[in-house]
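Here is what TrEMBL records for this protein:
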DOMAIN    42-498  domain 'Major facilitator superfamily (MFS) profile'
TRANSMEM  106-125  transmembrane segment
TRANSMEM  137-158  transmembrane segment
TRANSMEM  164-193  transmembrane segment
TRANSMEM  205-226  transmembrane segment
TRANSMEM  232-252  transmembrane segment
TRANSMEM  305-326  transmembrane segment
TRANSMEM  346-363  transmembrane segment
TRANSMEM  370-391  transmembrane segment
TRANSMEM  397-419  transmembrane segment
TRANSMEM  440-462  transmembrane segment
TRANSMEM  474-494  transmembrane segment
Amino acid sequence: MGSAAAEVLSERSSNKLVGIRFLEYLKGSSVSFKTHQAIVLIVTFLAYASYHATRKTTSIVKSVLDPQSSSNLGFNFWLVTNHTRSTLSSNLGDGWAPFNGSDGTLLLGQLDVAFLAVYAFGMYFSGHFGDRCNLRIFLTIGMVGTGVFTSLFGFGFWGNIHNFYYYLLLQMIAGLFQSTGWPSVVAVLGNWFGKRKRGLIMGIWNAHTSVGNIAGSLIASAMLGYGWGWSFLVPGLIMSFLGFLVFVILPVSPDLAGVQEDDYTCPKKSGDGDDVTESLLRQETPAQEKEKAVGFLEAWKIPGVAPFAFCLFFAKLVAYTFLYWLPFYVSHTAIDGKYLSSETSGSLSTLFDVGGVLGGILAGHISDRLNARAITAASFMYCAIPALFFYRTYGHISLLVNGTLMFLTGMFVNGPYALITTAVSADLGTHKSLKGNSRALATVTAIIDGTGSIGAAIGPLLTGYISAKSWSAVFTMLMGSALIAGLFLTKLVVSEVATKIEESRSNKAPECSLV
């Protein structure tokens, strides 16, 4: 068996990626398993950060495309003097047809929902294909395609294009390419990292979401001064370059990369001989390598998939409403009696994502320590309710208060969102009911995040309509969504609490017998 394994590893080593070979040339020796893990973490981090950077651009440019709509959006402008209104209008400019008309906000909302609807629809298919093809190539196609169509949206500025359907079509195609990202990066990461400390590792790694949002906000805001087209072109070019990086250096799995480590071949702590033999056979025998990918309906039946998927539906509704509308909301809300420019509003909104970084790390770490994903996710969602209330009620007092409450809101909103889309998805994609089948990660991840993305599409769409009457109603919707998200995990929370109580009693039993 040992010689057979050596032959397989030798054959795969001759098929190494160009980027890995280049690193070995610089290093003068083979790249270790740990180095491969580091490469996977860094490359997938940059890859998905670029997805979010291109996704964030639209929210920054909204107030430039549609600067005049504030008087129709229920921001209590009847309290503002005519002088303040004219100052706000001159700061934002004349807008860009067809988005600067009376229905501009609704048109922008339709762009959001079109993008996210296609993204959610494509997610289910991406998970299906991701478990059946080379994830590196699949991810590269998605990144380059996203970069191209994001750039084409920006070309509307230089081409003086004012046809709404041009932008609508580009957003829909971009959404389809964007759907390739999440199932691919989570599946690759799940191939390289076991369950131990997965919550903490993925919580830190999931900072790519917030880092991408922050980078996208800062780049788009900085480019606005040169014309809004640059706010799309620059992130698009960066993403296409990173897609090329993925193609040349991203190792999909340890067996395909031709590397091996004891922790990988013996995934269970108990490590009995049968498990070791089964793992070795899975790597050495070609027939075993080509495991049958888990079907869509079969993946839905994995315990915990449905509750977490529906929880993410409402959690992502809240998160994406902030992603797409927060800069717009800030720029049209008087903070300490003043209105901020589009650039300043975009920069301030990054505090929500900074809070999200901390929230993701905390949620991952706490869930690892407690070994209770559902309890952690539900607790964060319930804490998001008062955070949303205080941000809406007191955010106008001053920049400091607004920024602080925005940070806390981001922490509680993005914490469970990050936990569910990373560690929970990876856990469920390698659930014991699958009996060791590793061909379910992308499908499970796609089901959970795809269902969440439907909520992500509905949230911004509803916000476009509801905000025309009252932003207080929007925040009521968000608080209700956070509550429902937590309630969907009730059964799992009860189960985890019962398990904890049972474990506590088991630990105390020997002490009682001594007495």
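Numbering starts at 1 and runs along the chain as it is shown here.
Just so it is clear, glycine is given a Cβ too, placed from its N, Cα and C backbone atoms.
TrEMBL: automatically predicted annotations, no manual curation.
Counting same-chain residues at least six beyond the ends of the transmembrane segment (205-226), those with a Cβ under 8 angstroms from any Cβ of the stretch are 41, 44-46, 48-57, 59-61, 64, 189, 232, 234-235, 323, 327, 342-343, 346-347, 349-350, 353-354, 356-357, 360-361, 364, 410, 414, 418, 421-422. Of the two recorded stretches, the transmembrane segment (397-419) does not lie close to the transmembrane segment (164-193), with fewer than three CB pairs under 8 Å once pairs fewer than 6 apart in sequence are set aside. Counting C-beta pairs under 8 angstroms (sequence separation of 6 or more), the transmembrane segment (164-193) fails to reach the transmembrane segment (474-494), with fewer than 3 such pairs.
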